Amino acid sequence: MAAQCVRLARRSLPALALSLRPSPRLLCTATKQKNSGQNLEEDMGQSEQKADPPATEKTLLEEKVKLEEQLKETVEKYKRALADTENLRQRSQKLVEEAKLYGIQAFCKDLLEVADVLEKATQCVPKEEIKDDNPHLKNLYEGLVMTEVQIQKVFTKHGLLKLNPVGAKFDPYEHEALFHTPVEGKEPGTVALVSKVGYKLHGRTLRPALVGVVKEA
């Protein structure tokens with residue numbers, strides 16, 4: 001009985017194995033489904049990649065705009081820095097030039113006092129006494145005149161000019177009015193008398209002339 005069962009089982013094994021073997025049609029269908037799934041994933045990935053460029057392009061445009069603004073701002077700052085540097089250079093140069101021109105201003109003011117004394121001394125010498133029979137006074141007067149002429153040459157050499165504006169129009173920047181008086185034959189507003197001469201150093205009033213001004217009668 002047992003032997004008969006064994007023989008029956010051996011006859012049934014090939015048929016059972018054949019029934020368990022996978023069907024080619026099923027394998028093909030499974031393969032197609034698998035490939036379809038892969039293709040779908042690839043298509044979705046490609047779609048996402050195609051959707052990325054617009055976002056990247058927008059980002060690049062924003063970066064470009066930002067960089068252009070930064071460049072413009074940097075250029076403006078550079079231009080302002082250049083302008084400030086040039087202004088500073090010009091101011092420094094002007095200060096140096098003014099120092100050269102007006103550095104002797106205080107010294108000149110002191111020398112003006114000496115020039116005033118020489119002028120007064122020359123004016124005080126009685127002209128009628130200057131004769132050959134009075135050689136001492138004559139020599140003294142000539143010495144004073146020569147000294148005054150020489151000091152005026154030195155003043156001119158260094159840009160210091162005398163202001164003796166008799167008959168000129170009154171200028172408040174160069175003259176200081178001590179009094180106003182009507183003078184016949186003189187135009188009102190002009191200088192009638194110079195009490196003390198003034199001086200200008202390189203065009204700048206160092207000391208105004210003290211004057212009397214003509215006014216209407």
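Cβ coordinates come from backbone N, Cα and C, glycine included.
The transit peptide feature in Swiss-Prot is assigned to 1-27; the stated evidence is similarity to another entry.
The region 'Disordered' feature in Swiss-Prot is assigned to 29-56.
According to Swiss-Prot, the compositional bias 'Polar residues' annotation covers 30-39.
The N6-acetyllysine feature in Swiss-Prot is assigned to LYS94 (among others); the stated evidence is similarity to another entry. Just so you know, the Cβ of LYS94 (N6-acetyllysine) picks up 10 other Cβ atoms within 10 Å once every protein chain is counted. DSSP assigns LYS94 (N6-acetyllysine) to a helical segment in the three-state reduction.
Taken from Swiss-Prot, the feature N6-succinyllysine applies to LYS94 (among others).
In sequence order, no residues are near LYS100 (N6-acetyllysine), counting only same-chain partners six or more apart with C-beta under 8 A. Among the features that Swiss-Prot reports, N6-acetyllysine is placed at LYS100 (among others), with the record citing similarity to another entry.
There are 11 other Cβ atoms within 10 Å of the Cβ belonging to LYS120 (N6-succinyllysine). Residues or ranges marked as N6-succinyllysine by Swiss-Prot on the basis of similarity to another entry: LYS120 (among others).
Here Swiss-Prot flags LYS215 (among others) as N6-succinyllysine. Under DSSP, LYS215 (N6-succinyllysine) is assigned to coil, being neither helix nor strand in the three-state scheme. Around LYS215 (N6-succinyllysine), the same-chain residues at least 6 positions away in sequence with a Cβ under 8 Å from its Cβ are HIS180, THR181, PRO182, PRO188, GLY189.
As annotated by Swiss-Prot, N6-acetyllysine applies to LYS215 (among others).
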